[in-house]
Amino acid sequence: MTLESHTALTRRLSGASERGEAVANKAAAAAAPPERESERAATAAALAPSRGWVFTRRLGGNGIRGRLTVTRSAWVLAAAAAAAGGRVAGRPAPEALAAPDEEEEEEEEEEEAGEAAQLRAGRTAPPPPPHRGDRMKRGRKNSKPGSHLSDEAKIAESKKQKTIVEDSVKDFQKLDWGNLIPEIVLQVFQYLPLLDRARASQVCRKWNQVFHMPELWRCFEFELNQPATSYLKATHPELIKQIIKRHSKHLQYVSFKVDSSKESAEAACDILSQLVNCSLKTLGLISTARPSFMDLPKSHFISALTVVFVNSKSLSSLKIDDTPVDDPSLKVLVANNSDTLKLLKMSSCPHVSPAGILCVADQCHGLRELALNYHLLSDELLLALSSEKHVRLEHLRIDVVSENPGQTHFHSIEKSSWDAFIRHSPKVNLVMYFFLYEEEFDPFFRYEIPVTHLYFGRSVSKEVLGRVGMTCPRLVELVVCANGLRPLDEELIRIAERCKNLTAIGLGECEVSCSAFVEFVKMCGGRLSQLSIMEEVLIPDQKYSLEQIHWEVSKHLGRVWFPDMMPTW
């Protein structure tokens, strides 16, 4: 190797913020005896560069061809290999490695480059003395030990550095990345994003084999977005083909995120219809914008979903909100997965009837979480969930939604049904979301109901909030997004008196006097873990101003509190 190629190689290695000696030390550390495995791993981790080292070369023996980029992930693998007992030929590992000073590195690089240029030009005389200003700026370098060496000593030192670098490169080339233990490579791959994992799989055949191990393909999220309708990234079509071809039988936890386009929903159905060899445990169909699954022909969607229901004999979690699922498809679900189904979320599914959801409750006795619309809730369903065969329900979410005021009829649930339900599942979280107009609240809160989490997404009247304080003793969380212009002082005090479990409250477009709010906080005390009140909600009065209420509320809460500028719920 000529001195010119040696200098170029030195620059390439130092471009990754480590000297040639550091590379040699790393290779030597990997060759340390087994009793120093922990030291080798720590040394390899300490030497991991912040940028990649790029070598353009041709390697044989492991099927590596072309351009190999050794990134931080590869250095992590090197550390793992050292810990596993991998070895390369080299010198004994040093006891301690100190990171070189960056300024010293830059100055030494300049010296080496100047020396190489002089030798190429055939000059052996010492370089001309630097300008006085340069000497002052580079006083640190001129004061280094050895700066007074003769030309022969410098040439000898340069040859010594050349030998060290050449030995280091040889040691590094002897690293057999393909012989790393597959379990170690698998552990590292599990922490890498999919794109980085795919790039690392091209290093050698063994890494490519690890890339296709079933453990890496049990959980996958298909992101189906059209460039014209979404700015979100999408799963590449070629990757989808490879997954279906090679890994469909390995999939267990699958979700689909689709945008508002019909094309994305159709693509999701096409993938579902091809999962004939899989046995899913969880499936989620998530619309990131407007529900696009509702734009599909019902028969097309049901056909694709039935493929999963039939082939998955151990489905435990199913999220199919805003989809055209119907009663017959739910019967197929129950027939194949009744023993394993624990979670079912199917809000806004207009083709499902109360009889369909009752079939699920009657046969899926292990169901622990259920989310549905209010029109599917019935006395029969509550009694089925309260039967002795059924496990205790942990979470029940009910969405009460009205699209057009006055056109939706809401039935009433008997108090005896609620009582039987609570006796069977005393610790259940009953979550109710109300998106109604003020005149549609008449059937609700007429008697005591066991709701724990209550959200009002639209304007709710002062009267309804007064009934909440009288009929919801189990209330834990309350969010009121909007109300009229009448202060809610009395209603808030009543809620604090009757709802002894209340720990979180959020108030949006409504009004509460500062005195009433302070009294409310004083009554609830430190149990209020979440207090999200918009600043415009609080109305100053004779007792408290907006500046004073901050300190008063903080005193009763036992922590610093400020009103919110933006809603946090």
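Glycine residues also receive a Cβ, built from the backbone N, Cα and C atoms like all the rest.
Annotated in TrEMBL:
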{"type": "COMPBIAS", "residues": "22-33", "note": "compositional bias 'Low complexity'"}
{"type": "COMPBIAS", "residues": "84-99", "note": "compositional bias 'Low complexity'"}
{"type": "COMPBIAS", "residues": "100-114", "note": "compositional bias 'Acidic residues'"}
{"type": "COMPBIAS", "residues": "134-143", "note": "compositional bias 'Basic residues'"}
{"type": "COMPBIAS", "residues": "149-160", "note": "compositional bias 'Basic and acidic residues'"}
{"type": "DOMAIN", "residues": "174-220", "note": "domain 'F-box'"}
{"type": "REGION", "residues": "1-47", "note": "region 'Disordered'"}
{"type": "REGION", "residues": "84-160", "note": "region 'Disordered'"}
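Note on the domain 'F-box' (174-220): its mean pLDDT in the predicted model is 85. Residues in the compositional bias 'Basic and acidic residues' (149-160) partition by DSSP class (helix H, G, I; strand E, B; coil) as 10 helix, 0 strand, 2 coil.
With helix defined as DSSP H, G or I and strand as E or B, the domain 'F-box' (174-220) counts 28 helix, 2 strand, 17 coil.
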